[in-house]
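Report on one structure; see the data block that follows.
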Amino acid sequence: MSESLRIIFAGTPDFAARHLDALLSSGHNVVGVFTQPDRPAGRGKKLMPSPVKVLAEEKGLPVFQPVSLRPQENQQLVAELQADVMVVVAYGLILPKAVLEMPRLGCINVHGSLLPRWRGAAPIQRSLWAGDAETGVTIMQMDVGLDTGDMLYKLSCPITAEDTSGTLYDKLAELGPQGLITTLKQLADGTAKPEVQDETLVTYAEKLSKEEARIDWSLSAAQLERCIRAFNPWPMSWLEIEGQPVKVWKASVIDTATNAAPGTILEANKQGIQVATGDGILNLLSLQPAGKKAMSAQDLLNSRREWFVPGNRLV
């Protein structure tokens, strides 16, 4: 039975904590937890434990917080736990080859895409921005490459027209634990069927940046609408007005052709703020000026109508 496997869990954020919680709830034997060191957070920059550490300590599990797993003494921490398998979910540290080979069944990772599509740091956001019809999770055997290991199990889910990275994150945080528990059972039973990734289908999900989230009006309205959903809740798509950043929370596409230059404000009314793009019109519905809460376009127009005079251009 898979419950007899000795499991090391390595993860840091809430996404990882949900997987650890599922392992514990289903009776798995977690013999140690690795998570990143406490980090300063909040206005007071007080040291805060990761969600994984909080859960592990609540459950009385041994917690290890090395800055790196490269030093020999830190690798020894892993070796001494004599694990059958190490489960890695959004840990944030590189596992050296020596660590990958320590557990009897190796190390497995939960990745937030249908590999080999979207290897890398931001698979949820990139799948949304690209307009993919579906995404999912892949449980894979880890090797020294970046998300290059053999695939053990996949679960998929559709991407809807309303999904943001936040909602998709929640969907995958439900799927991931299901796939993980199934995979552990298959590893324990000897029924897992590793599948080599097709290198011809590989795409890369590069890390997001705040500058990348700046709205580029030369893109199509459809691309920008997906970008706004992909970058919500972080880093949030934004535009600049009078030197101030204004976040965009929600927009829609108006399928009407326009000859106006990209960035030109066409209309500003209770239906929204309509802006010309490289292809089509983007209707801004919910915005957030610096230092304010998110508000409807109508509410923003009531206080800042001078920002959105038809004929003016947003840059």
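Cβ from N, Cα, C; glycine included.
What Swiss-Prot lists as region 'N-terminal domain' is 2-189, and the listing cites a curator's inference. Residues annotated as (6S)-5,6,7,8-tetrahydrofolate binding site in Swiss-Prot: Ser113, Leu114, Leu115, Pro116. The region 'C-terminal domain' annotation in Swiss-Prot covers 210-315.
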**Report entry** Additional residues surrounding (6S)-5,6,7,8-tetrahydrofolate, by Cβ distance to the Ser113, Leu114, Leu115, Pro116 centre under 8 Å
**Finding:** His111, Arg117, Trp118, Arg119, Pro123, Thr138, Asp147, Met151, Lys154, Gln197
**Report entry** Among Leu114, Leu115, which are binding-site residues, the residue with the most C-beta atoms within 10 angstroms of its C-beta
**Finding:** Leu115
Report summary line: Leu115 ((6S)-5,6,7,8-tetrahydrofolate binding site), DSSP three-state class -> coil
Report task. For the binding-site residues Ser113, Pro116, work out the Cβ neighbour count at 10 Å and name the residue with the minimum. Result -> Pro116
